[in-house]
Amino acid sequence: MKKKQAVSEEPAEMIPSDSSSEGENEAPTKAKRSKTEDAGEKEEVVYHPVKLSRNDLYRPPTADELNQLKETESLFHCSLLKMQMEELLKEVTLSERRKGQIDSFIQTVTNLLQTVPESLQVEVSDLSWLSGAVKVPFLLLPKTTKGKFRMVPPASVDVIGSYPLGTCTKPNVMVDLAVTIPASVLQAKDAINQRYPRKRALYLAGLAEHLSRSSDIGTMRYSCLHGNRLRPVLLVCPPDKDSSFTIRVHACPPPGYFKPSRFHPQRNNIRTEWYTGLQTSQTETNEPPTPHYNSSLLGDLLLRAHLQFLSAVSSQCPAFAGGVALLKVWLRQRELDQGTGCFNGFLASMLLAYLLMTHRISNTMTAYQLLRNSLNFLASTDLTNNGVSLAKNPDSTAPSLADFHDAFQVVFIDPSGHLNMCADMTACTYKQLQREASVSMQFWDDPTVDGFYSLLMTPKPMIRTSDHIFQLCELVKFQSSCKKLNLLSELMDHSGNYIQTALPFILSLLQRGLGQRIHLLTHSLSPDPEWSVESEAPKYKDQPPLSFGLLLNPELAASVLERGPPADSPKAAEFRQLWGPRSELRRFQDGAITEAVLWEGEHMCQKRLVPKQIITHLLQLHADIPESCLRYVGAALDDVIKTGSEVNFEILTGEEESLVVVQAYDDLSRKLWALEDLPLSITAVQGAHPALRYTQVFPPVPLKLDYSFFEREKISRSLVPKEGKPCPAYITPVTVICHMEGSGKWPHDRLAIRHIRAAFHIRLGALLKKHHNYTCRPCPTHLDVCKDGLVFRIQVAYHREPQVLRESLSPEGLLVLRDNEEAQALEMATIHKPLLTSTLHGLQQQHQCFGAVCRLAKRWLAAQLFSDDVTEDAADLLVASLFLQPAPFTAPGSPQVGFLRFLHLLSSFDWRNNPLIVNLNSQLTAADYTEIKNGFMASRESLPVMFIATPKDHKLSLWTKRSPSVQMLQRVVLVAAESLKVLERQLMDGSQTQDIRVVMRPPLDAYDVVIHLNPKQVPLLGQAVDPPVVNFSRGTSGGSVRPSGGVLPVIDYNPVSIYLAELREAFGDLALFFCDPLGGTVITVLWKPKAFVKAPFKTSQVSARSVEVTGEEAKTFPNIEAILQDFRIMGKDLVKSVEAKTEKWLL
């Protein structure tokens, strides 16, 4: 009988004939080469299909397989998400090899710690036993305290924390080691007046001194546990520089040495007389409580108890370690897992333990289910009002939840019932955690969102999450804040840490002042300080500036009026106390007389900064923090989209100008609808210009002409600039599509249709002139109408014309439909662009900052010379996706954060493997998403490299069909990534030179030739990234604009764009040409590599080429010197100079 072949679980699996053993990977991202790979090209691996019997091929699935299939179907949107989760867990979990290295080093450190030499007993303040090199990791404030100290070997050394639990994750691998201070070193009253914390610090210094003598130890540094200066730790690294883990040594008292009741949150352990140095008559019962100090000491006492508790819980739940690992990844991406008052991995483990104990999750759940349930609990539970406890049967001395809530802002009690594990967390941090969990749950349940990448793989730094950021720089000013707010008791409780003392009060003050203007107020978590064991502990003021983030409520954030209670209301005094002299009585139109505060802000760019005015005023009034200490980053980028017109010396940023254009268009539209005496009626009037959707970088502004600048052309009587004058101001025609009704009167010939359209242009112009006295100029393709100082370009459209353009007769006389570029261009201009304009206009009504974000994005694309590759319409759609699919963020609430996310989208989106789906008007369903993605993958090679799908365009990506190319998209991605890095660093780092425009200046070194233009002939020079100090007069004057009548100005005349088009037409086969259309004074040239391949001589292809004869063979190659000369000749009076930056073209 034939031997039955072994079969794996997957019937379609292919196995190589030469199998190789798989080694343990040090890091999942960098796997070791297998033996087969090492063989290289010498031996090719041959794969053979596994032959299965009929029974094996059709055997029913096992119970295990059925459970997995059911779980995948019920829990995950697709099986891919389950695989992604499993891969992520492999990525962050420690390999066996790494664990072996860690275990070995732990044993080395433990052995060394057991041999610490003893020292004589001295006063705590006497450091003579310690060598001069190693310092004590403690700020001695006040200088002295009572007590004796001597150095002796530790009573025990134990591994604690995440490592023994199996929840330790990469990349920052930290292994905790608890060193027990022998009872002989401590005294019964060490809990008071910082005696124990100081002895703890001395003990750590003694350990550091001893370890520093060993060659088995690498670098050593001090740090603090989650920023708590009362709990310094010693960071010990292996001598091997390539090692990627650190041992964190904690010193702790013997278990049960102090009674937990000693650290009740209502008890005092810091005496006022000792702390202030002043004689007081207060008894111990009258002393203020010190809950934060108490919780710091209690945390040391319960280290081992917490490990035992978590070990018991985790042993009952197989997926516990995986659930904690996923939760830690989620927290890390949101910058919530490190720093003072963070939600660290220990709290994540305790949270899962609480959910298991209260049966909100079961022991049989997967890691994915544990993560989802944890986030659901965080989103729905407010620990600032309703704390929770892990203590099943607390003893009689344990505080009540009410006691904890009186002392702390966030309450989560440990299993002993005595320790609040969230003692250092502010209410704002927990509210941020709660909101992040809530947003994550919303996106995770949305089948159109890639939940895995959005929620676990996308970082959310504050600068990209908050709409506005501000920083408090001179932290030493918090000392005066503590005095102003009378916080002596709280300062004692925080052992002199004036920053953490004042922070909750400042947050509460700002929360009251900003009120409904914001959805969320967040703050950065002060990073754990690290310093050399040979340096003194850093002072509190030495930490980085504190950053605060505002998540704005767009409807109320820009309001200039803060309306308070009626004058006779009891709350009026409270309102006046909050706002101080800014509060005043005002009478409103409804007759009410109330307290009110009026902020400055006439234009949108000023109103955006009303929160800055509020914050500055409140901090100065109540916390004694001057404006010079405040660095507000909310409108730093507005300067690059200023319109150049100034009203009362205030720069405008385009919102008001766009509104003027839209209002003028609305009025023109109504008048077009009202026109009579037309052969056919108008069926639709649609805008098809970026200005009508608020996204034109510099919206058209009404211009009053200076007639002395112009002369009249003899025949048409049009205006032309006088000889020697600069190029006149560029006047943008705003495109309007006017659809006429269908009728049998329309001809079926393309030429005849064009003639009919031209006749309509003439008729519309005559009627507008007759009824409204508008100056009009009809042309075969359009009608220009001058209205309110703006020019509108009306184009008549007939809905069947694209169909007519596609029709042609075959040689047999049959009617054939063939798509062609002319028909596509007409459809784009008359159907797709008007529809896009109206849709994005609606999006602007929903999100006030949409237009400003588009304008910033397009200003950057133009400045970096990418505007021909990423078109205006494509850029608007890219920005629209940030508002319609913002996961893992919420929709941008300010232009600044929207622009940063735009750069991040460009640089991080996987354009090769994914379509960007922009769900305009929420018309796409989950099934549509699937259909688009499947169609994209099936036809990937024939589709544009940047594929943007919309509800009306599932398969073609109309907006990116022609550009960008693969090479240009790579360039865009590269420059966007670098711009994002530079810009975020500038916005967050006040010590850097603040020049936001640096990200708008293109690197010209990458180009072969730079053509410098004469600024006098660049009509949009005032819109340049670096505008000149003195501009040229371009035929306009100040004053009010006539609503109608007058002479038609020079329209749509830009010599730079005309010259650029001529260059591309003449030399497009040899080079690529780039220019900033918004005031750029250079045109850059990049030679195409293929253009320099020598070609056989042909008389039809000798333009701009030299001939080289070798024997009987004649070949041609580009004549670069002649081409550069042609650049100058073609651009006479426009080109100032031509600079060849490289010599790559030399043959």
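Numbers run from 1 along the shown chain.
Every residue gets a Cβ built from N, Cα and C, even glycine.
Database features, via TrEMBL:
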- 1-44: region 'Disordered' (REGION)
- 34-44: compositional bias 'Basic and acidic residues' (COMPBIAS)
- 175-315: domain 'Nrap protein' (DOMAIN)
- 319-458: domain 'Nrap protein' (DOMAIN)
- 465-623: domain 'Nrap protein' (DOMAIN)
- 651-845: domain 'Nrap protein' (DOMAIN)
- 847-1002: domain 'Nrap protein' (DOMAIN)
- 1004-1138: domain 'Nrap protein' (DOMAIN)
Most Cβ pairs under 8 Å with the domain 'Nrap protein' (847-1002), selected from 175-315, 319-458, 465-623:
465-623
Counts of helix, strand and coil residues, the domain 'Nrap protein' (319-458), according to DSSP:
73 helix, 5 strand, 62 coil
Determine which recorded stretch among 175-315, 651-845, 1004-1138 has the most C-beta pairs below 8 angstroms with the domain 'Nrap protein' (465-623).
175-315
Please list, for the domain 'Nrap protein' (175-315), how many residues fall into helix, strand and coil according to DSSP.
55 helix, 29 strand, 57 coil
What does DSSP give as the helix, strand and coil breakdown of the domain 'Nrap protein' (1004-1138)?
40 helix, 36 strand, 59 coil
